[in-house]
Amino acid sequence: MKFAVAIAFTLLVCVFAQEEEEPVTCGGKQCKPNSCCVQNSHGKGKDSPRCHPLGKLNNPCEVEPNENGIYSQHCPCGEGLSCTKVGEPNKLRCQEESGKSDKSKESQGSDESEESEESKESSG
């Protein structure tokens, strides 16, 4: 019985691992994790699709691929970054997600408010 449970658990872990990151097929090749498929449609002729790494801080980025899952110029941003309009003329760039820094400030603020409530209770 324990053996059957162990096998079931192992299969479940494998299924979840595969669901997390599907490899991207691009121009007949599979892209590595943390990359996307880009096909530059500008210029004299269309380039063949190629794998590119996900955007890093301040890199140009795109949010939506076309119907085939291919981006026209740039990959979306990597983990912890969001594609945000920056400067003039509002170009999209990878920026740190505002939620992360706000959350850390919020947690600091809640800690401070808890401390002040505790000090009121002990003094009052």
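Note: Cβ is positioned from N, Cα and C throughout, glycine not excepted.
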Residue among Cys14, Cys37 that, according to Swiss-Prot, closes a disulfide with Cys26:
Cys37
For Cys36, what is the disulfide-bonded cysteine listed in Swiss-Prot, choosing from Cys75, Cys77, Cys83?
Cys75
Identify which of Cys51, Cys94 is listed by Swiss-Prot as the disulfide partner of Cys77.
Cys94
Check the Cα-Cα distances from Cys26 (disulfide bond) to the disulfide-bonded residues Cys36, Cys61, Cys75, Cys77, Cys94 and tell me which is shortest.
Cys36
Cys77 (disulfide bond): which of the disulfide-bonded residues Cys31, Cys36, Cys37, Cys83 is the nearest Cα neighbour?
Cys83
Using other CB atoms within 10 angstroms as the count, which residue among the disulfide-bonded residues Cys36, Cys61, Cys94 scores least?
Cys36
